[in-house]
Structure formats: C-alpha cells, structure tokens
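These come from TrEMBL:
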type	residues	note
DOMAIN	A:17-449	domain 'Amine oxidase'
BINDING	A:Val245	FAD binding site
BINDING	A:Phe348	substrate binding site
There are 2 protein chains.
Amino acid sequence: MCSQILYDVVVIGAGYCGLTAARNAAIEGLKVLLLEGRDRVGGRSWSSNIGGYPFEMGGTWVHWGQANTWREILRYQMEKDLEMSFDFSKGVNHFELGSMQGSVTMSHKEEDELLASALKKFTNVDGVYGRKTIPLPHVTFRNPASISLDSQSAQDRINEIATTLSPQERTVLEASILLASGGTLETTSFHEFMHWWAMCGYTYAGWLDMLITWKFRDGQSTFARKFFDEALATKRLCYSFNTPVSHIHDTGSSVNVTTRNGQTYRALRVVSAMPLNVLGNVTFDPPLSPGKQAAIATGHVNQTAKVHAEISNPDLRSWTGINYPHNQLNYAIGDGTTPAGNTHIVCFGGQHNHLDPEADIETTKRAVTSLFHPAHYNGKHVEIERLVFHNWSEDEFAKGAWFFPPPGLVSRHLSDMRERHGNVLFANSDWALGWRSFIDGAIEEGTRVGLQVRREIVELQDTTRSNL
Amino acid sequence: MCSQILYDVVVIGAGYCGLTAARNAAIEGLKVLLLEGRDRVGGRSWSSNIGGYPFEMGGTWVHWGQANTWREILRYQMEKDLEMSFDFSKGVNHFELGSMQGSVTMSHKEEDELLASALKKFTNVDGVYGRKTIPLPHVTFRNPASISLDSQSAQDRINEIATTLSPQERTVLEASILLASGGTLETTSFHEFMHWWAMCGYTYAGWLDMLITWKFRDGQSTFARKFFDEALATKRLCYSFNTPVSHIHDTGSSVNVTTRNGQTYRALRVVSAMPLNVLGNVTFDPPLSPGKQAAIATGHVNQTAKVHAEISNPDLRSWTGINYPHNQLNYAIGDGTTPAGNTHIVCFGGQHNHLDPEADIETTKRAVTSLFHPAHYNGKHVEIERLVFHNWSEDEFAKGAWFFPPPGLVSRHLSDMRERHGNVLFANSDWALGWRSFIDGAIEEGTRVGLQVRREIVELQDTTRSNL
C-alpha cells in the first residue's frame, strides 16, 4: 500500500511529535506516510549505545508530572525501565562550585540550599514564587500580570534582585538559567523560565525531580521505538527516512509534499512536525502567514552543547558541579557508571561562551577537566577516557537544541506558531502549551493534531459517502 | 449494528475507566458494547446541576501533575475550563479549627504552616519525607523498605510520632488522613497514604495543588461526556444504561455476559471496569482466582460522606475548616459562590463518626453548622439554604467512595486485583499504579486494558485471515 497515490495524512518529522501524530492516526484507521530527514526516529532525542552503555545525545529525563510522556510510559508499561541519574550513595559525594571567587566544594544538602535560595529570589515575583502570576501554566497569560514577564530577559530580572543575591547565589542562579535556556541571559525570556518553574510546581525540589532525575535505563530511544513499532504493527503506516521535505503545496482539496530529491506525495492533510528553527528550510505555496513567518525569522535561542565524558575515577559518580562564567561547560552531574567502571559525567554549555565540541577536541577536553579543580582530588587532574556528543547547532534538522524563546516571541507569536495553514497542521513541542520544549510537549502536540486530523478525515469520508 | 451477536469487546462500567477502554477500542476500530448499571456515565464522579450550579457528588479535582487526566484535558482542549476551588481574595479569609481544645481561627498562612508541619512529621520516615522509601511511586514497593509501611495503619504511625505532635498538629493531621482515606485511623494503610504523598511530590504544597485545587467550571460531567461523545462518533460503540451485569461466563473462545434482566451478550474479550467493592455482585464461571476473591472479600475502607451546603453568608467563600474528632463532618472548604450569591461549602466525613446524610436531615444540618462556631461570626449561627449529597456507601454500584485500602491489601493483593481472568480483563482505578483511587487512575487502567484488548483482537483477526 505504500505506493498509494493519496494518503489520509503525511506527517513530516519523526521526533516524538510526528511519531505520536503518525501512530495515533494509524491506530485510529488512517493511511499514514511518515517522512523523516534523518536516518532514525526520535528527532532531538536519541541515545547512542557505545560499549553497551546508552549516552543520551538529546532529550533525556522524564517524570510522572509530565502528563503526556507519563501516560505513554504507563501505557507501554515502561515505568520499571527508569533509573535515577543521581547516586549520592558513595564516592566524593559533593558539589563543586567554580566561579570568579575560585573553586569550593560543599555537600549536596548545601548545594540544594544554595540553589533553592537563589531560585526562590529569582522567581518570587509575587510573594508566592509565581503561583499568583502563573496559576495554571497551560493557559498562557491566564493572569494578565504575567504578560510583562515576557518582555523581560533573565538579565533584566537579575538586575532587579541583584542586591539580594550573594556572589555564590548569583553564580549558581545564572548557570541554572542558562542550563534551562541554552541562550544568554539577555536572550532568555524571563516568562519562559517562570513557565518552567510553574510546571515544576513552583519549588526547587520539583525543578530537580522533573528536569533531571529519571531516565530510561536502556536509553531514551527504547521509548521512541515503542511509538514507531506500534504504528508499524497497524500496517497502515508507510515511512521513508533520509527524506527531507523541501516544498509543500496545498491545492485546497489535498496537499502535495515534495522532497529534496524531487519525489512528490499527496495527502488530504499534512502534519508538519518540524521544529521552529528548521521550518525556514521548507517553502510553502500558498506562503505562510506573516505571523508564522515572523516567528520563524525570530527563531529560538537554545544553542546547548551537551558533552558526555567518561572519566576513570569511579568516586565521581556522586559529583555535581557548576563552573561559571568562564568555563565553556557550565553545569555537569555524575550520571552513571559505564560497563568499564568509569564515571559518566554529562556536561552542559550554551550560547554563552559557546563551544562546538568537535571543533577542537583539546578545547572540549579542557572544558570538561576544568570542572574539577585538582585541589579537591589530591592534586590530580581528572582523566577522560571518552567524549561523546552531537552538535545540535550544526544539525540541519535541529539548528539548536530544545526550544527556548527570547523575550517577546511567545507573547507575540505563540498563536501564530500553533495556527494551521489550510490543510497543513503545525505540531511541535516548540509551541506546546505545557511542557513546551520537552518530549512531553512533543507528545502533547502530536496528540492534538492527530485528533484534529482524524476528525476531519472522518468528516470527509462521511461527506463522500452521503454524496454517493 | 447494536444487535450484532459477537462484539470484539464488552466493557462493563461507564466510569472513567470503562469510558476510556470503550472509547479507545472504538476509535481504534473495534466493535464495542458498553454496559452500565446506572442511568449515566461517570461512575463515582458526577456533577449535579442545581440552579445552574454544578455540585460535584464524587471525584472533582484535577491537576497537570496527573498524567492521564491531564493528557485528556489537553486533548479535549479543556484547560481553559478549569477554575480554582479556593478564593482567598475577600470575606472572612480564615481557617477555623474546632477540636477538643475548643474553637479557634487562624490565617490561611498559619493553617498551611500547621498542616505542613504535621504532615512532614507524619511522612518523614527516612529523613527526606519518603523520597528514599518511595522514590518512584508507580513502581510499587520498588524500595523493599516500603513494604513494611503497608503493615502499618495510620494509627500505628501516629503512635510512633505522637510525642512530637502538638495538640493542634495532631488534630489537623488526623483529620487530613481521614479526608484522604474515608476510613478510620486503624483501617487506613500508612503505605497508601505515603503513596499519595509521593505522587504529590512529597510536599504539602503539592498535596494541596494536586488534591483539592482545580476543578471544571461547568462540572466534572462535562469531561466524562467528552469520552462518551468521542466514542459514539465512531459509530462502533453500542451501549446500554440501567443494565447491571450479574454473570460472566468465559467459554474459552468467547465470553457471555448476562445482565440482571436476563439478556446475554457475547464478545471476544470483556473488560470488567467495576470497582472492587461491587465485584462481589457478579458471579464468574470459571470462578475467580483465590487471590482475587480474597481481595474482593477484604474490600476497601472508604466510606466518605461528601455534603454540599449552600450558606447564605457570602463572606464564607474564603473560609476553610476542620472540626475533629467529634463532628461528623471533619473537613470543609469554601468551594464557590452559587448563582443566588450564597457560599458553597463542601464538607467531608468518613467511616470515623459515620454520617448517612439522608438518614436525618437535622443531624446533617447540625454537622454542617457545627463547623462554624458563632463566636467567630458575631454570635450568629450560619444559615443553610440548601444541602446536596449522594450517599456512595448505600449506592449498590459503588459501595463506598474512592478506593482506600486497609493495611495489607495492596501488599497482598495488588497483583491479584490487576490480573486478568482468561478473556476477562480487570481495569479500575482501585488497582491503578499511579493515581490509584483518582479519575487519573481510572483513565490509566482503561488505557492499559484498552491497548491490550486491541492487540489481542488484531492478533485474532490476523490468525483468522491466515487460516483462510
């Protein structure tokens, strides 16, 4: 059936959003074609198995507070396949803070208190840490008082509270903000940060729990493949990898999707599940609305560099660290023990002090080793056994990491980004209502448009039947 | 098609669990019959519209931390239809605590501090408020240290910490526990309470947010009807209300479901979505496993009495109260303002000091008015304009409110309750893994068995085809 000339729906992009839309449409009876530019599913989430150990190149952590993701984890009965990133049961068991004031270590309890104190000051716009201002984060700007937060950058907000912050608080606060946004303090929307904070339950404990605690023991890709396999089992899904789309033409009654290699596919509906930063790769006829074009021209600001390092010292399993503002990797945690017995450290940098990890391996190694001051390890430098990374900024199908908006983008263009364009529906985590930027937001969006497409196709079928 | 002789699946029970299973099966192409003993959908959740105001007779509150519920709210784009139960913006704006020490009022901030302090002492079994003991609540007894909590009752745990509690802390703690369980302190499993606590993020703020904050402006039933309407639109759903099932006979190749009025329906699979406490109403051939029978014989302990009162004083909108242990309604909050301008108060009692609200209306009225000590209201008694309630304990299709287990039931029989019985699959919030007892758990369970049934039916169809 994959050669058929008219699909019910063509889904462009096999990240979680496209996978969800394609899967739901297929299990609900539609004929689906899934086109993907890469040679794999998962989009900006992908685990690379090296030596029997899954390194997470992109989206990693999940939590039961993330509705769409968790619904799928339970549905696939994968809740037992999760493990914690942190293990503070043995080894050095400390937090290392490198800053302009030098390098110190402290207990994880002290780390938590320091971060909680800093984040509480940053988020306390209303005396109740944002609860009044963003009472129900899925309804964007439900409280009109929240709109002005989107004209502020993180830097603007820091300026407001600067006198209340200790030097250590300021260091960990700025590093935490940049860990979320992957931009600079000036290009980070304060509202979006507050939206994350609200989603996490307005507490630092929730922040840690939801953002960086639970991951799949065998890698995030095991989860993505469940969606794909379920869709395939319906026998109503066709797919083509290595098939970037270049042009989309909506004739009014159907849509022609032309790939970069010149093939054209036809469907009653198209789901564009491409991220904001790559939508400009595709031309549309008729052209997109001015609002959508403006959103694409603005783009998001997240240029996170995520670097995995295998380090020979097993005691560092219980290490966490921040080194800011001069290091190119600002935030890192001990994330696992590899089969070789080495500690796996995952490190994050962003647009601030940007690092292209592949550009100069010695520079990248130095950015990792600089997280560990020899004074705390008997005068020894850490030894790197392996580096693993994927440069999402240079990836033509990503052009950045997870979505993070500059000030103004969400207040000006959230509805533009979400808007359909004739028979083309736009779905992506980048404009989800809840866990925007997360795997969860991708599934939220794939669910939304999947349902919409089914309703429309069923209506078309009913109309056709009643015309016979 | 509703007269067809062999369905793919018969779903028994049109609460959220049965609705979800039936809806998913129908939209995924199966032929479904939904049988319901009542004259409505929603099960133990149901809003009664009186004078244009929805009184929630059963399950009410939802939150974005509840995965399955929230996924559906977003899917049906109902996030804008929610409102907060609390409104502390005007009126008396206090918490009233009636106890053996008399009656006092305090600010809501003091209320929160008192409750948080008491709950922290109760839940702090490991120095981190249960995080270590129940690190991932969906994986029951993941940490073996949690098993022993299920042999403790709430009373046992209170005995352990009694010397650390102030009299006020003890009062609000006991009332809070009974608000959750609807049993007595002796019949309340401490583990189940800790499971709730973990689901709420191990904090009192999360507890309030998740359990009692957001509800549907137009009533919970508007949500349930979305499931039903979507299933109906497929034209693959047949249904019959007022049709209690009395007997289920699994022949091996199909299942015969006999109703109380003597009709028999046949299906390849049956989903039993009845609550634990009513499963004993149905006979099974072959008989259920000893484990399942033991679970049914034990039953759950929740005999919550939920009573709505319309009270003429609009200033009480911002009132909350506990009156324990002598009042028959222990916990209440201002929950809305009715079209008549009266304050709507929702009040809870349970097995402790049990009240059958319809038995003697004067007694019920007194249980409401006793929540308000005249000393705090210029010497006046509150005036009740209307009482609204449904006695779930006397309801033959509920025999109690939401599931709450006595000590031992979950550790002994959770897997028994979840186990299938030949071609009959058992799904109910009562044995969900996550938000067990909640609407969310019902959707979790309906989703689980819905997927399982589809897989099996598709496999049967494939086998049939390959045999042709």
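Placement of Cβ uses the backbone N, Cα and C atoms for every residue, glycine included.
Counting in whole angstrom, A:Val245 (FAD binding site) lies 31 from A:Phe348 (substrate binding site) by their C-alpha atoms. The C-beta environment of A:Phe348 (substrate binding site), restricted to residues of the same chain at least 6 apart in sequence and closer than 8 Å, consists of A:Leu179, A:Gly182, A:Thr304, A:Ala305, A:Lys306, A:Val307, A:Leu329, A:Asn330, A:Tyr331, A:Ala332. Secondary structure at A:Val245 (FAD binding site), as computed by DSSP, is strand. The number of other CB atoms found within 10 A of the CB of A:Val245 (FAD binding site), across every protein chain shown, is 23. Confidence across the domain 'Amine oxidase' (A:17-449), taken as the mean pLDDT and rounded to a whole number, stands at 97.
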